[in-house]
Amino acid sequence: PTTASPMSFGRTSHSGGWSPMVTDQEPWLQVDLKEQMEVTAVATQGRYDSWDWVSSYLLLYSDTGRVWKQYRHEDGVGRFVGNTNSEAVVQNKLSHPVRTRFLRFVPRDWNPSGWMGLRVEVYGCSYKSYVADFDGRSALLYRFNQKSMSTVKDVISLRFKSHQAEGVLLHGEGQRGDYITLELHRGRLDLYLNLDDNRLRFSSGRVAVTVGSLLDDQHWHSVQMERFNRQVNLTVDSHTQHFQTKGEGHSLEVDYELSFGGIPLPGKPGTFLRKNFHGCMENLYYNGINVIDLAKRRKPQIHSGNVTFSCSQPQLVACTFVSSGSSFLSLPSAASATGGFSVRFQFRTWNPDGLLLSVNASQENGRNKYLLLCCRPLNQTKAVSARLNVKCSSPGHRVNDGLWHSVSLDTRNLQITLTVDNEPSSAIELWEQLESKGSFYFGGQWVLTRQTPAFQGCMRLLFINRQPMNLNHVQQGLLGNYNELQFDTCNIRDRCLPNLCEHGGRCSQTWSTFTCDCSGTGYSGATCHNSIYESSCEAYKLIGSSSGFFSIDPDGSGPLGPTQVYCNMTEEKVWTVLAHNSTAPVTVQGSSPRKPHIMKLNYSASAEQLHAIVSGSEQCQQEVVYNCRKSRLFNTKGEFYFPLNVKLAHCKLTASCPGVQQCSCSLEENCIDMNYFCNCDADADAWANDTGVLSYKDHLPVSQIVIGDTNRTGSQAVYHIGPLRCYGDKSIWNAASFYQESSYLYFPTLQAELASDISFYFKTSAPSGVFLENLGLKDFIRAELSSPSVVTFSFDVGNGPVVLSVKSHLPLNDRQWHYVRAERNVKEASLQVDQLPLRFLEAPADGHPRLRLSSQLFVGGTASQQRGFLGCIRTLTINGVSFDLEERARMTPGVSSGCPGYCSGSSSLCHNRGRCIEKSNGYVCDCSQSAYGGTTCNQEVSVSFDMESSVTYTFQEPFSVMQNRSSQASSVSTESSSRAREDIAFSFVTSQRPAMLLTVSTFSQQYIAVILAKNGSLQIWYHLQTDRSPDVFSPALNNLADGRLHRIRIHRVGKNLYVQVKMTVIHVIKPVTNSNNIYFHPLNSAGRENFNEKVVQAASKGFIGCLSSVQFNHVAPLKAALTNRGSSLVTIRGPLVQSNCGALAESTSHTLQGKTCTHTLLFKSPTYTLTQNDLAVIAGVVTAVVFIAVCALAVISRLLYQQRRAQRSNSIKEDNRHSMYTDYRTEMHLHNSVRDNMKEYYI
């Protein structure tokens, strides 16, 4: 380590330079600026005329030279780019200036052909500082000149550094109940503010606005509060909260005084109501008044108490354990006069587990034991051979919250006593006295951390046998030993500030990464970016759904969120129906133009969601029915009494409408009195009617009704406003054709700094071409067809280019539509092509997170007009925004709107997931991945069963995900398992109860079962962790064993379970709590499942009825059993009769459509975390079982009691799974990639 004065050593110049000794461990160059300066930039050179330079480095700063903090850019990146030779000067401007005296340059990378060499320059300026030191027992009191101060505008600014996580910075209150308090709480800054709101004045709980984190790090933090009336901005460092105060008050009234540093008790000097602030404040301004300057000059309006005006030096110096695998600190044992030993220290971390302390403790009989002090999940205590693991806290007391916690361990007096913070001590009695043997290892030791992860975090105030340990001596090599430690700094950071989890996802973190809990948000993915719902009713129809209530997310991954609608799926059109709060006819009397009747309509969706639905639909309409008796719509001047205009235009019913102001009877020339434009304007004593359909999209939906002519004798009106009804999805078939390689469409710059998802369809005959590209100064993002069978997604956010590729076993330039979805966020990137395995790559934990683009977005080509795409692109959606390719194509040479071909229109030629295949003289529908049959994949595939019938179907499911390997990619963490998903759909008719409908299970005891209970109600059983009881959902409590057709759809994405049941009433049930994600994973055992007794009972009763259109993910097992009876993957017992129950019930459902009640629910699925590495690579053998009339009770009993025989049978299946897969692909012609998970269906 070297210390230099400013501009006198190692300055960028033509001579000299700094270079450490080769033997120096963790070398650094320190610069002393002699006084506090505001630093705005730094520059570096290599050592003069040498091969020595630093290519990357860290910058640390300190105002005391004892406690250091690493500088990080706004995006959280801590590394600075250095030099590539010894002479060029590389300047780095600081995104936010720092006020400091000392700087440290810590090399991280250097010239591999030379050594470290530095010349440095520091840029900045001086600034004026007014400092006050608070010792935790003092406060500054600023007294007003008048009795009270009432303000409508306040600006309070200060800088502070704190020794503690608790303490009051500012407080003031008034007699009418107003108050303002700025307070540190758990290392965060809380603002309590009340402006004449009696509800807050008399309530017991005050609500705080919280900003910042880890503010007790003994470093300076800036605070600014700006208030104007009820609008408030609170900023801590670079994080700002905007909010509005409650109540009706606009002014803050404070009596007598403001206090800084504490809340004094009136009449009792030196007594305070809350914990005082302990630390320093700088440049404290209240509405332009320099409070510290007034106190320093002893002005009469300031009472300073014990406050001093120089900032004391910090005494708490910490060290950081950087690595969870190799960091440790070993210290020798100090002699103890009383026998035994004692250890005391403080630590802070985010990790849920880790080895805090290990010591070889010998007993009097000579036996050795390791005493391990660990933090474990759930604070569990566990005894292990040759070790004693002691719980580090009491239940409910978290110690991985990023705050400082104290630990005291004592082995004297024939017991081990452990105390954490101020919690009650834990003790273990001993038969013999424990003595330390050798060194004390803090944070880990390589012998032990093979089984226990080392501590990762910060420690300080280490005492052994009541003797303090000097960390400076450790760093200088005078005491103990260490590895992978950073001294004089606690390099902890809050990765959940700001919260990068989208859509209300809850952020949690460890030392090196963060995870997002998306449960209950309606979104999934590593950052809760992807909506689990379709964007429209049209999209639900394309995946095979029938009419019912659905949640749609009209802007996908955008900010709007999902809303529930009714999807009416007819043969011709798919209608989206949104109801409002006034469904019944409304009678109006006694209203006049001056006192009109006003009805505001509230819809199940927000105004923004309604606008997105209407604008994204091809056409929308809303029916208005107006029955009148002496109640006119227009007066003699042509003004509206009840603004109504139909057919040509529509207004919001609160002002005149554009276009022709006539009712439909006038347009159709059939009004009662042709002298008027509306039937009601005849003003007759008899009842008349004006009915119209409003279809002017810019003014839909109807938001308010105003009626003003029912106050005359005999006047009366009855009106009814129908629901908003829309059909068509303009984005699904919005396409453009590119027929010149140099042509492209351009759009505004892509706004996707932190997250972006891109999806589209393409078809082409060209071997390659760029789908889209957007460039920045250095960053870029691009999607392209790089070869006839490879789609590539590449980008650079400042960490170097990243490339993900998906290769198809069949050519993609086959003139057929192919689907592409690419996503990039701060956690990972992924690429999906058709149903091929998902490719993903984890982002580096401390890399640049922001994608900075500047050019236009090019679609179908590049800015260089090279490698352009030839073919069609449709349904381009980026971050939930659909791009209108057709409109832009009409004005672009070389591009035409639409796409030629039979499979390019908006009409659904192939239904229920069927794929449209272009032919030279027409098209055909590929129904191989659909549960339906027929030429257009719309014919139900149904089978009737009796007591003797069963079908066993074995198939291989493709990988759920595949992982691109890289040096940065670690073992897959829990958020990766958010990709776990099942999509199950089927229909059934039965009068049998109980009955088994479907199970999905592994060879072990994991399973998902869908059954009918004894009362005929639907139950969904999840048993995904064998050491826990199954979780049971009951989405439909009524009897489904009623001889009618019922359609079931079960869709799980991560933690979210989505259930649709038609012709049933669904009751809300509580979701499973405290659950995590899971994948079906390979297990060594191959035994039969141990189903719950109720599940076994449902299977043992057999099944009599009909099953129709069974779909599991992208496979139709029942259809495969019918069409491939000779396959080695299909085993049929008893008679199997093809039926038409689904088609018969479908024809019946049209007559019942008005009476059908369909509901959808969102549940949290019962999922759990797996700890094995590479969990994202799903492999191994998995069994999927569908029970439909599973023989009789004797067959089930045989399966249950002959487990060993079943194990041998399954083992044979395991050995032959590759040959079975070859047979299956030959017979089924499935266009899927290599598949690894063996599953079975029993039908």
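Each residue, glycine too, has its Cβ placed from N, Cα and C.
Database features, via TrEMBL:
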type	residues	note
COMPBIAS	1-16	compositional bias 'Polar residues'
DISULFID	Cys872-Cys899	disulfide bond
DOMAIN	1-125	domain 'F5/8 type C'
DOMAIN	131-311	domain 'Laminin G'
DOMAIN	318-490	domain 'Laminin G'
DOMAIN	492-529	domain 'EGF-like'
DOMAIN	528-580	domain 'Fibrinogen C-terminal'
DOMAIN	734-899	domain 'Laminin G'
DOMAIN	900-938	domain 'EGF-like'
DOMAIN	958-1141	domain 'Laminin G'
REGION	1-20	region 'Disordered'
TRANSMEM	1175-1201	transmembrane segment
Interface-richest range of 492-529, 734-899, 900-938 toward the domain 'F5/8 type C' (1-125), CB pairs under 8 Å: 734-899
Tally of residues which DSSP labels helix, strand or coil - the domain 'EGF-like' (492-529): 0 helix, 10 strand, 28 coil
Within the domain 'F5/8 type C' (1-125), residues counted as helix, strand or coil by DSSP: 0 helix, 66 strand, 59 coil
Intrachain C-beta neighbours of Cys872 (disulfide bond), sequence separation six or more, cut-off 8 angstroms: Ala735, Ala736, Ser737, Phe738, Phe762, Lys763, Thr764, Cys899, Pro900, Gly901, Ser904
Protein Cβ atoms within 10 Å of Cys899 (disulfide bond), excluding its own: 24
